[in-house]
Amino acid sequence: MDIINNNHRDENDDDEEEALSAMSSVPPPRKIHSYSHQLRATGQKGHHRQRQHSLDDIPKITEIVSGCGISGDSSDDEFYPYATTTNSSSFPFTGGDTGDSDDYLHQPEIGEDFQPLPEFVGSGGGVGMFKVPTRSPLHSARPPCLELRPHPLKETQVGRFLRNIACTETQLWAGQESGVRFWNFDDAFEPGCGLSGRVQRGDEDAAPFQESASTSPTTCLMVDNGNRLVWSGHKDGKIRSWKMDYVLDDGDDSPFKEGLAWQAHKGPVNSVIMSSYGDLWSCSEGGVIKIWTWESMEKSLSLRLEEKHMAALLVERSGIDLRAQVTVNGTCNISSSEVKCLLADNVRSKVWAAQLQTFSLWDGRTKELLKVFNSEGQTENRVDMPLGQDQPAAEDEMKAKIASTSKKEKPHGFLQRSRNAIMGAADAVRRVATRGGGAYEDAKRTEAMVLAGDGMIWTGCTNGLLIQWDGNGNRLQDFRHHQCAVLCFCTFGERIYIGYVSGHIQIIDLEGNLIAGWVAHNNAVIKMAAADGYIFSLATHGGIRGWPVISPGPLDGIIRSELAEKERTYAQTDSVRILTGSWNVGQGKASHDALMSWLGSVASDVGILVVGLQEVEMGAGFLAMSAAKESVGGNEGSTIGQYWIDTIGKTLDEKAVFERMGSRQLAGLLISLWVRKNLRTHVGDIDVAAVPCGFGRAIGNKGGVGLRIRVFDRIMCFINCHLAAHLEAVNRRNADFDHIYKTMSFTRSSNAHNAPAAGVSTGSHTTKSANNANVNTEETKQDLAEADMVVFFGDFNYRLFGISYDEARDFVSQRSFDWLREKDQLRAEMKAGRVFQGMREAIITFPPTYKFERHRPGLGGYDSGEKKRIPAWCDRVIFRDTRTSPESECSLDCPVVASIMLYDACMDVTESDHKPVRCKFHVKIEHVDRSVRRQEFGRIIKTNEKVRALLNDLRYVPETIVSSNSIVLQNQDTFVLRITNKCVKENAVFRILCEGQSTVREDEDTLELHPLGSFGFPRWLEVMPAAGTIKPDSSVEVSVHHEEFHTLEEFVDGIPQNWWCEDTRDKEAILVVNVQGGCSTETVCHRVHVRHCFSAKNLRIDSNPSNSKSQSLKKNEGDSNSKSSKKSDGDSNSKSSKKSDGDSNSKSSKKSDGDSNSKSSKKSDGDSNSKSSKKSDGDSNSKSSKKSDGDSNSKSSKKSDGDSCSKSQKKSDGDTNSKSQKKGDGDSSSKSHKKNDGDSSSKSHKKNDGDSSSKSHKKSDGDSSSKSHKKSEGDSSSKSHKKNDGDSSSSYKSQSGKKNSNSSTVEESRNNHNKR
């Protein structure tokens, strides 16, 4: 047809003539006389009787219908039904070809076979917005995905919409409006339960899942892997916990129940996170942020089920309100606006809180407010201002200007003064809007935050802006790769995934460069989570899809080709009959008989019925009121419109047979849709739209109203139009259609949940706004262009041209409709490709439907008044499906193929000046069984060798080493843990967690670890940075620091008072360093034991503010435990130490600076507890130490660097255990050792680098323990200590995975050396 040769009007005429010739070989008899003069005569009644045509002359549909198909009557043999040249006639429909026995698929009145009506195709299709959407078994523009939960019909989700998702290692949890649910990844590829299953509607094709008992709507989720819990925040202000490892008994379908639950906030809980120390943070309205420490929750979680109420009460009372803490004298440093989301910066142990225009940065350990800043990165000094505080000032300013102007001379005229006043007022209002935010500020509102793999923080705004921040809240750079609002983030390795309100997902790298992007859903992406090698995305409609982390890439092509080969296993064909009816009612009302004649008589076999009415109401006041309501979003319709819907519903036996799905009214335009109840499970997602075209595109006397539905997972749009009137207004009608087609945007109907109810922000997110003029064409493709089937019907007002009133009536009386069609404006415009481009209409075989005199039956009722309007086919039905050529057959590539069974007008209805028109379609629909395709997807993932090879590549983890696996800390020690990436090609991503902590008891051999929330760190331990990336062949240094969390007032007789009893004992924590590649699914773990040695027995509180633990301390830096040490660098514990810098605990100390505990202290700076202390810096616990740096445990050591434990050692590097060793490198234990670099244990040690424990140690650098220690830097414990700076103890200070040996035999030294 004309789709192929749409520029050749002559060929189109030939095609139609050829089709018409198929009806009969004998042309219809032409009458040789004309009735034109008789029509003009009004005085002779005989002529009227001769020209009086009634409906008896036109066969009714019941007379046309026969048992084997549609056939014509001899009185109208010019228009036999025939085989059209379109594909719609290429297949005769039989009721059994679909395998479905529903009643609506059969038509006992018409029979199983039918002959489609011939069609006329307009030119101009196939290009631009009139191009048929591309369809295929798999979407060609996005990667193949795991459809964990296929798109459910939103009518099935009322009260059950999914709002958010979160992933554990083995499960995906989803929060919904009635509780929570979870999927096990082991069951991800299992088939759904189907329509006859035990699940509710909407989840028939979803993978098997478990659902909780009903709760208040879930607003946020957070996973606590440390305690195998999932925490959820709810709309009622409660926080609930759920066990991950909940196992149901076989056959037990009872919903699982919550664990701990308490009232956290008065309003909804917007976000819940765990800090680096296991504390639970939550936020709500009014700028409220609360904290529940892990200690309080742990106690409540340990209580029995019958003590559930007591547990909730304990937690609820233990909450810390941060807003109250930062409020001084009624002034608060943070804004009172709603806190939208929280982010745990586990790299630096901080917490971010995002509000509308500001951020607040908190210390996760001390819970102190660190900084408040806005989206531009500027520090906010005064945030909590009452709403509208600036507005009165601006108003006063405006009034002052006006008043001052009135008091002065008025040199200008009245108009000029009025103009100045108006401009001044506008300027003041503009400034108020700027201060208050306005549309510009609203566009920059923060919607989501995420912590990237390299430790940077990213935020997304409503205008699509992506902002990168460092850990201190400094704005680094910003990007914009998409014009729509950012709703969510997700990170995996070195990739950042972004979800937009438009349904797009984009991937960027850590530098902000765009890697890939695709349309993931046809609704907004409101949440994403990563697990099991997939990035799972949740759309507004509740569908969940899993995208392989390797996508886009070679994997996509393999899976796509494999699934395409199995197309017939998951493709299903169904069919449905759709009846559309259009009637311009002219502000009248219809009788029951008229509605039965129009709709009821032909609705017995249809599954979907769509009715469009025009001119329901047309009063000027009503039109103005309707326009005002539309401007503020009111679309509830009018009383008369509701009357029509109810009346038609009664005609269709609405309660028993049909179900009303939706409606939309725009002034005088009304559209409504009904679905047969046995088809109801396959039809839904009703959306509505309206486009006014009258009086400057503002009034609804002309325009269009539309309904969009999903039928067997295919989109269909029905648009009821009333275009511009008058014979000469052809161009205006074309422009009206073009405007409707381009601007019609569907939204949820009034009886469905709005977008914010499903988690979408209420900001301005439209993709067709004028503010988004820069959006590319692909992103703003028209809703109608994306539909699989589009049906336009209504009063199009196209007239007959080039023909007189009398001639038109003459042709009508002769039933020469072929001559009249040549004069049809709409057909001419469609041929020229100026309107309804590429769309089709059945060839008209009924008389013109306009204009008639009311209540005058028959063709004699045409307008005979003064104007004598020429009869015309104003009321039409035009459509398109997914066919791109006449030869296209129904398949997944061409999923909707429609043919017309009936197209006529009800000429016996006389209640209006228009006759109602109806068109019945038979639509074949090819769709996908999502459950079966998910099984095929899983089979390919598990069995295809190429796919397995690509997935195995994702398991590669760069080789990394950790410098130590054992650390000992005491008295604010700091140990540097070095993580090295030995791979020379790929980056390594690491994260450090705490597997648990335990109290060390002498009577126990094994430690019982107690994990904190989300594997948080104990409060005495500070690890920084706890996450980040390591470049190839590089290393990163991690500071592991012991931190005391006490003040002097908490000490009584040297014993801390506010700790638990076990806190006075030694503690041990196990750090886990998780390492993965930039895009790897596997993780390598390194475990590091960290022990905290508590020495409370030696603690005393002195009046001196310093906290030194040495008697004599001089410039000691490090941790020394030696009697004599010189220039030792490490951890020394000596009786005599000079110039030691560290932590000393000696009897004599001079110039101590830090934390010293000695009997003598002079000029000490810090907290000292010593008798004599001079210039000591640190916490020393040595008797004599000089310039010792490190941790030495030797009696005499010089220039030792490392961990030595020898009596005499020189230049030894290694691990020696001999009495005399020179230039050894390692860990030596000899009596004589000089220049030892390693771990030595000798009585005499010179230039020892390591951890030495010798009686004579000079210039030792490391961890030395000697009686004489000079220039030691570390932690010394000696009786004489000068210039001590560091942290020293007399027993055991800082070790890194090694134990000091104190043996003096040569054999043991050689054995240790050989081991090195």
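Cβ coordinates are placed from backbone N, Cα and C, and glycine is handled just like the others.
The region 'Disordered' annotation in Swiss-Prot covers 1-53 (among others).
As annotated by Swiss-Prot, repeat 'WD 1' applies to 153-193. Tertiary proximity for the repeat 'WD 1' (153-193) is limited to same-chain residues at least six positions away from its ends with a CB under 8 Å from its CB atoms, namely 146, 199-215, 217-223, 225, 230, 232, 242, 244, 255, 526-532, 536, 538, 541-542, 544, 546, 661, 683-686, 710, 748, 752-753, 757-759, 930-932, 934-935, 937-939, 941-942.
Annotation source Swiss-Prot lists repeat 'WD 2' at 213-252. Panel annotation: around the repeat 'WD 2' (213-252), residues 163-171, 173-180, 182, 258-274, 278, 280, 282, 284, 301, 993, 996, 1011-1016 of the same chain, lying at least six beyond its termini, place a Cβ under 8 Å from a Cβ of the stretch.
Mean per-residue pLDDT, taken over the repeat 'WD 3' (264-302), amounts to 92. Residues or ranges marked as repeat 'WD 3' by Swiss-Prot: 264-302.
Across the repeat 'WD 4' (441-480), DSSP helix (H, G, I), strand (E, B) and coil residues number 3 helix, 20 strand, 17 coil. Per Swiss-Prot, the feature repeat 'WD 4' maps to 441-480.
Summarising the annotation, Swiss-Prot assigns repeat 'WD 5' to 520-557.
According to Swiss-Prot, the region 'Disordered' annotation covers 752-772 (among others).
Taken from Swiss-Prot, the feature compositional bias 'Polar residues' applies to 761-772 (among others).
Among the features that Swiss-Prot reports, region 'Catalytic 1' is placed at 788-804, with the record citing similarity to another entry. Packing against the region 'Catalytic 1' (788-804) from elsewhere in the chain are residues 36, 133, 135, 578, 580-582, 584, 610, 612, 614-615, 669, 704, 714-727, 729-730, 733, 737, 811, 820, 823-826, 828-829, 836, 839, 848, 850, 870-882, 895-896, 898, 914, 917, 919, 921, 923: each is 6 or more residues past its ends and has a CB under 8 Å from a CB in it.
When DSSP labels each residue, the region 'Catalytic 2' (867-882) comes out as 0 helix, 7 strand, 9 coil, counted as helix, strand and coil in that order. Among the features that Swiss-Prot reports, region 'Catalytic 2' is placed at 867-882.
DSSP assigns Lys946 (ubiquitin cross-link) to a helix in the three-state reduction. Positions annotated as ubiquitin cross-link by Swiss-Prot: Lys946.
Residues annotated as region 'Disordered' in Swiss-Prot: 1100-1316 (among others).
Sequence annotations record features per position, and here Swiss-Prot assigns compositional bias 'Polar residues' to 1101-1113 (among others).
Residues annotated as compositional bias 'Low complexity' in Swiss-Prot: 1287-1304.
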Worksheet, complete the sentence: What DSSP reports for the repeat 'WD 5' (520-557) is 4 helix, 18 strand, 16 coil
Response to the item:
Cβ proximity for Lys946 (ubiquitin cross-link), under 8 A, sequence spacing 6+, ordered by residue number, returns Ile558
Worksheet item: Under DSSP, the repeat 'WD 2' (213-252) has how many residues in helix, strand and coil?
Response: 0 helix, 19 strand, 21 coil
